[in-house]
Amino acid sequence: MTIALGRFTKDEKDLFDTMDDWLRRDRFVFVGWSGLLLFPCAYFALGGWFTGTTFVTSWYTHGLASSYLEGCNFLTAAVSTPANSLAHSLLLLWGPEAQGDFTRWCQLGGLWTFVALHGAFGLIGFMLRQFELARSVQLRPYNAIAFSGPIAVFVSVFLIYPLGQSGWFFAPSFGVAAIFRFILFFQGFHNWTLNPFHMMGVAGVLGAALLCAIHGATVENTLFEDGDGANTFRAFNPTQAEETYSMVTANRFWSQIFGVAFSNKRWLHFFMLFVPVTGLWMSALGVVGLALNLRAYDFVSQEIRAAEDPEFETFYTKNILLNEGIRAWMAAQDQPHENLIFPEEVLPRGNAL
């Protein structure tokens with residue numbers, strides 16, 4: 001019996017082949033299959049955000065002005081979260097809440113779920129775009145893997161956290177000052193800065209900034225012109241065709257500075273990838289924990305001693321008092337629908353007061 005080996009060839013192109021040829025064609029802006037997800041979602045997310053910050057009020061959901069039309073500026077305008085009474089409703093335009101009424105849909109906070117969901121899928125589409133292009137030009141997919149960090153943070157903060165709470169109301173609104181308010185909320189209600197996952201996130205982001213600055217400066221310092229040795233000052237020519245730098249010189253320099261240095265470029269650049277991505281993933285995990293109201297460090301012994309001894313106070317106990325103040329002063333303003341009233345005598349005061 002004879003077995004013929006070979007590639008199967010089609011006589012004519014089907015619809016998939018035709019679409020594949022058009023989507024993956026070499027053009028100024030690559031589209032690709034990922035573009036079918038990325039471009040519509042990014043368009044709707046950005047369009048919804050610009051529409052909301054320009055025209056839509058938050059009076060019906062938060063009792064706030066939040067649009068340029070009402071007098072806000074770029075820092076104070078926002079697309080606000082839906083009302084707390086709407087819980088985790090997707091707030092579809094044709095759903096039972098808005099019933100196809102676009103004005104009412106905007107008043108209820110429908111633009112927030114619209115922007116959040118399209119934004120999440122737009123980010124996923126951008127990561128798939130990096131996968132697709134990397135595969136097309138036969139690169140490793142580390143760019144896409146790195147971009148999973150920002151996606152994890154976005155999904156955990158804007159989607160998973162409010163899903164663990166009573167509704168979308170407790171997610172961040174899409175605006176600069178609104179994000180600042182959310183950060184204060186996280187600190188007051190979750191003591192977020194003392195959370196080890198937040199600490200790892202800060203170490204990752206600031207460590208990555210330090211590594212980036214050191215790496216950029218070192219490469220600039222050790223650039224040399226081909227054929228003229230590694231004299232970094234005399235030989236540097238910004239018009240040379242190809243930028244090159246001396247790893248040997250850089251290694252010698254940092255060995256003298258710190259006593260240790262990266263010995264090869266692969267380990268160096270992997271470390272620069274690992275630090276920020278791991279930090280972002282750890283902070284995302286921490287936010288998932290907060291969604292479930294998990295607590296981090298509680299130094300109860302210090303709190304008890306501070307309550308018993310007016311002269312004993314630590315930075316931790318001071319921060320706990322500050323958090324109580326945030327909760328007491330913020331809750332009434334942040335959740336007006338609850339009609340919270342705190343008498344003066346229950347508002348926290350430090351030992352010095």
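Placement of Cβ uses the backbone N, Cα and C atoms for every residue, glycine included.
Source: prediction; values computed, not measured.
Of all ranges given (125-141, 244-260, 312-328), Swiss-Prot attaches the label transmembrane segment to 125-141. When the ranges 177-193, 279-295 are checked against Swiss-Prot, the one recorded as transmembrane segment is 279-295.
Checking the ranges 103-123, 208-228 against Swiss-Prot, the transmembrane segment annotation falls on 208-228. Simply put, out of 41-61, 125-141, 279-295, 279-295 has the most Cβ pairs sitting under 8 Å from the transmembrane segment (153-166). The 10 Å shell around the Cβ of H118 (chlorophyll a ChlzD2 binding site) contains 21 further Cβ atoms across the protein chains shown. Separating the Cα atoms of H269 (Fe cation binding site) and H198 (chlorophyll a PD2 binding site) is a whole-number distance of 24 Å.
Remote same-chain partners of the transmembrane segment (125-141), defined as residues 6 or more beyond its termini with a Cβ less than 8 Å from a stretch Cβ, comprise 24, 30, 32-35, 37-39, 41-42, 147-148, 151. The CA atom of H198 (chlorophyll a PD2 binding site) is located 27 Å away from the CA atom of H118 (chlorophyll a ChlzD2 binding site). Cβ neighbours of F262 (plastoquinone binding site) (same chain, under 8 Å, six or more residues apart in sequence): N251, W254, L268, F271.
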